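To keep things clear, I will list the structure first and then write my remarks on it.
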Amino acid sequence: MSGVILSPQHPLSAGLTSDSRLVRAYRGERSDATPVWFMRQAGRSLPEYRDLRVGTRMLDACLDPAMASEITLQPVRRHKVDAGIFFSDIVVPLKLVGVDVEIQPGRGPVFGRAYADAAGVAELTAIDPARLDETSAPITEAVARTVAELNTTVPAGSVSTGSTSSGSTPLIGFAGAPFTLAAYLTEGGPSKDHLAARTLMHADPGAWRALMDWTAELTGRFLRTQVLAGASAAQLFDSWAGAISLADYETHVAPASAAALAHVHDLAYETTDASGAPSTRSVPVVHFGVGTGELLGAMHGIGVDTVGVDYRIPLDVAVQRVGEGVPLQGNLDPALLAAPWPVLEAAVRDVLRRGEAAPAHVFNLGHGVPPETDPTVLTRVAALVHEASA
Ligand code: 1CP
């Protein structure tokens, strides 16, 4: 793909987010404090979210630009985190091209059927992923509204620690990686061990390849849409990649993840470097999965700037697996959010200390915020991260 320069109004091009703590960390620079955001920071842990969602189904909320935007902003205002993550779901692009999928409360994405064999895959891949470009207006609008709000009302570094960062809080766009989407598509819904996907990749490598190629094209377009509309970084969630071996990851998964990311790798913005000379930078990309200790090097190898680490591996060990010079994101065990404050505080400080082994660190959890989390604890953790790292 040939390079595309983001519009001058894009927050990265306009200089609003290019020197934010988050974007600087994603390019390997440390700033006045370690940036922090939480996976699943929007959602059920927030009473204001539960109020807003009453009577609206999950996917309807995702496709209502005003609602999706408001839900995205809620945790940014409340916790003073250094990024918003776009409120959506990894199955939204499937819904937008006409796949029969809903999100069942307490369960997750459920499909009208399972796409577990060649016939199922043929039916699915008969849909043209380019259809997304005709149906993605609610995504573009929700991102644009969110970014406009972040630019005007939620300045970056609005913390009490004497911040020197300026501009506005960046929005992170995200998409599901092909394997994680395939884990749902082949089962027809959530599963524990993702057996159907692991079977198909060996039982019918041709059908698997077709499924992965199609999914990469669709999810890559979804990610690109968010960046073009104003997201300042992109995160690819391969949440369930930890279910497979390194060999299977390299052969049957990594090429499709790389193909998905090709949809954003060509997007760039113009800026000036430290000496004032003009330079072009690409949009930062983060890659995360759960239980991926064995895969971290390979997950970095598909061409990402920052690797997200789950809570099973200390960050200083992750540095050795990913290779030095790579910024890391993570990795407080979400279970600790319910522990007594002294225990939690010690764990936060430990994560920060181990994160010093990387050139830059974005503090996060090792997976999503549990729905029953006390939101005041998250606010306190965000403040502690800023204070302790300043
Ligand atoms: O009604 C509800 O509140 C439904 C719960 C919910 C929410 C709030 C689901 C269903 N998705 C979401 C939003 C969502 N999904 C976000 C929001 C932004 C934020 O972080 O604040 C994000 C990033 C996702 C991405 C997502 N969806 C992933 C990857 C991230 C991860 O947590 O690993 C995955 C695996 C999904 C599938 C999914 N959607 C919903 C659920 C409960 C699940 C997991 C189901 C399972 O266990 O397999």
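Cβ coordinates come from backbone N, Cα and C, glycine included.
Taken from TrEMBL as is:
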type: BINDING; residues: Arg40, Gln41, Ala42, Gly43, Arg44, Asp89, Tyr184, Ser239, His367; note: substrate binding site
type: DOMAIN; residues: 35-44; note: domain 'Uroporphyrinogen decarboxylase (URO-D)'
type: DOMAIN; residues: 172-188; note: domain 'Uroporphyrinogen decarboxylase (URO-D)'
type: SITE; residues: Asp89; note: site 'Transition state stabilizer'
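Recorded features from TrEMBL, shown on the structure.
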{"residue": "Arg40", "record": "substrate binding site", "Cβ within 10 Å": "17"}
{"residue": "Ala42", "record": "substrate binding site", "Cβ within 10 Å": "23"}
{"residue": "Arg44", "record": "substrate binding site", "Cβ within 10 Å": "15"}
{"residue": "Asp89", "record": "site 'Transition state stabilizer'", "Cβ within 10 Å": "18"}
{"residue": "Tyr184", "record": "substrate binding site", "Cβ within 10 Å": "26"}
{"residue": "His367", "record": "substrate binding site", "Cβ within 10 Å": "23"}
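For the domain 'Uroporphyrinogen decarboxylase (URO-D)' (172-188), the number of residues in each DSSP class (helix H, G, I; strand E, B; coil) is 10 helix, 5 strand, 2 coil.
Residue annotation for substrate gives Arg40, Gln41, Ala42, Gly43, Arg44, Asp89, Tyr184, Ser239, His367. The furthest Cα pair among them is separated by 23 Å.
Checking the recorded positions Arg40, Ala42, Arg44, Asp89, Tyr184 against ligand 1, the ones whose Cβ sits under 6 Å from it are Arg40, Ala42, Arg44, Asp89. Per-residue pLDDT, averaged over the domain 'Uroporphyrinogen decarboxylase (URO-D)' (172-188), rounds to 98. Here the Cα atom of Ala42 (substrate binding site) is found 12 Å from that of Asp89 (site 'Transition state stabilizer'). Counting only same-chain residues 6+ beyond the ends of the domain 'Uroporphyrinogen decarboxylase (URO-D)' (172-188), those with a CB under 8 A from a CB of the stretch are 22, 37, 83-86, 88, 90-91, 93-94, 108-116, 124, 143, 194-197, 199-200, 208, 211-212, 215-216, 219-220, 222-223, 226-227, 231-241, 243-244, 253, 256-257, 259-260, 286-287, 289. Asp89 (site 'Transition state stabilizer') and His367 (substrate binding site) are 15 Å apart (CA-CA, integer value). Note: the domain 'Uroporphyrinogen decarboxylase (URO-D)' (35-44) comprises 0 helix, 1 strand, 9 coil (DSSP; helix = H, G, I, strand = E, B).
When the binding-site residues Arg40, Arg44, Tyr184 are compared by Cα distance to Asp89 (site 'Transition state stabilizer'), the shortest distance belongs to Arg40. Mapped onto three states, the DSSP output places His367 (substrate binding site) in coil.
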